[in-house]
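In TrEMBL this protein carries:
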- A:Cys15, A:Cys19, A:Cys22: [4Fe-4S] cluster binding site (BINDING)
- A:1-217: domain 'Radical SAM core' (DOMAIN)
Amino acid sequence: MKPPLALLAELTHRCPLRCPYCSNPVELTRASAELTTEEWARVFDEAAAIGCLQVHLSGGEPTARRDIVEITAAAHSAGLYTNLITAGVLLDAPLLARLKAAGLDHVQLSVQDAEPAGAERIGGMKGAHARKEAAARVVVEAGLPLTLNAVVHRQNLHNLPLLIETALAWGAARLEVAHVQYYGWALINRDALLPTRGQLDEATRVVVAAREAHRGRLVIDYVVPDYHAARPKACMGGWGNAFLAVSPAGRVLPCHAAESISGMVFPNVRDTSLRAAWEESEAFNRFRGTDWMPEPCRGCERAERDWGGCRCQAFALTGDAAATDPACALSPHHALLAAALAEAGTAGFRYREFG
Amino acid sequence: MTPRFAPGVRLHHDQARARWIVMAPERMFVPDETALEVLRLVDGARDVDAIVDALAAKFDAPRDIIATDVRAMLDDLVARGALAG
């Protein structure tokens, strides 16, 4: 069994934004159940000890935690490369200076659209876009590397050229063009968010041209979305293969969305070590490797390249987490994706909220 | 050209796997032995010629062959955002 490379630390589910595709579970964890500073420090030490090299400090909005500086310092002193994944609306110059002094290595800043009106409608927070621009300036002026993360979908893909301009204007060295993944909140809002084939083809054309035009200045990461794909993505690089997440309440997950699979029991850092969770827990071993695979994954030459795709998506669409991801054209459920695309096209969506 | 590591990028010894990696924002690269020799000479002070000189001396190899390889490698690492030229 290989050791994990990276830890996603979901410090909180609290967030000033209400994006309708939020990757947090539909059942959000309240502040009172969150791990303490000391518990996170122990998680970071254990993660480094089992081989993790990077930690992604995420949420919710990680800076909604009053101890975010102490948490960052603990991750840094554990020897982890620290990445803050933030919406930026709470990130001012004094806080960034304290984070940098604590050892922060990199900031990933989300944007919901290239224009304030669209961005604030999608994110559900007035004034957010200007605050993000100010946060980007603070990061760049502090000399920290900045990645802009643009989550794209039916309602903002027409602005992709402007999003690329935004990344350049705000001083990002890297842009992630991240298509929405459809489970949890995004699945509830799928009809409003799924892009058309025409939108996708145009987006791919724009990215290819921009990569060439801005070579050496802006790196653009881009993955074709599952609903228009013929083969699934290697979700998380394989279940329990390279990556682990810890939820705000301490549950250790093979993927941040894994709690969307009902009936699974995940280990908790309050009861067990990270090493035991990674190596011995039933949850991590359930879909590890290839032995669990059904047809058509079993024996497929791509089994160890795409690992059968995404377990959460398989569960969301077929009710069986052990099924081949329907994103694969060989899946007996592949037609579900075309059917969803045919139904998509509504404008309204439901914001994320605490239940 | 005087290559230097881009902000947030550095060589890091991966103890769990007994290897060197290029640590970068949300990514990491595993350099092969040749790339590692080049990256160890990237300090923001040596220009490409100085890096080629150092490698030619160390490996007692023809300078023009090394220069071609080093330039191609550095160009690739700049395009991937690991180095700034």
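Numbering starts at 1 and runs along the chain as it is shown here.
Placed from the backbone N, Cα and C atoms, the Cβ positions cover glycine too.
All annotation found in TrEMBL is predicted automatically rather than curated by experts.
Predicted, not measured: the structure shown is a model, and the values here were computed from it.
A coil conformation is recorded for A:Cys19 ([4Fe-4S] cluster binding site) in the three-state DSSP classification, outside any helix or strand. A simple way to gauge crowding: the CB of A:Cys22 ([4Fe-4S] cluster binding site) has 22 other CB atoms within 10 angstroms, across all the protein chains here.
Mean pLDDT of the predicted structure over the domain 'Radical SAM core' (A:1-217): 96.
Taking the mean position of the Cβ atoms of A:Cys15, A:Cys19, A:Cys22 as the [4Fe-4S] cluster site, the remaining same-chain residues with a Cβ inside 8 Å of that point are A:Leu17, A:Arg18, A:Tyr21, A:Ser23, A:Asn24, A:Gly60, A:Ala87, A:Gly123, A:Trp185, A:Arg352.
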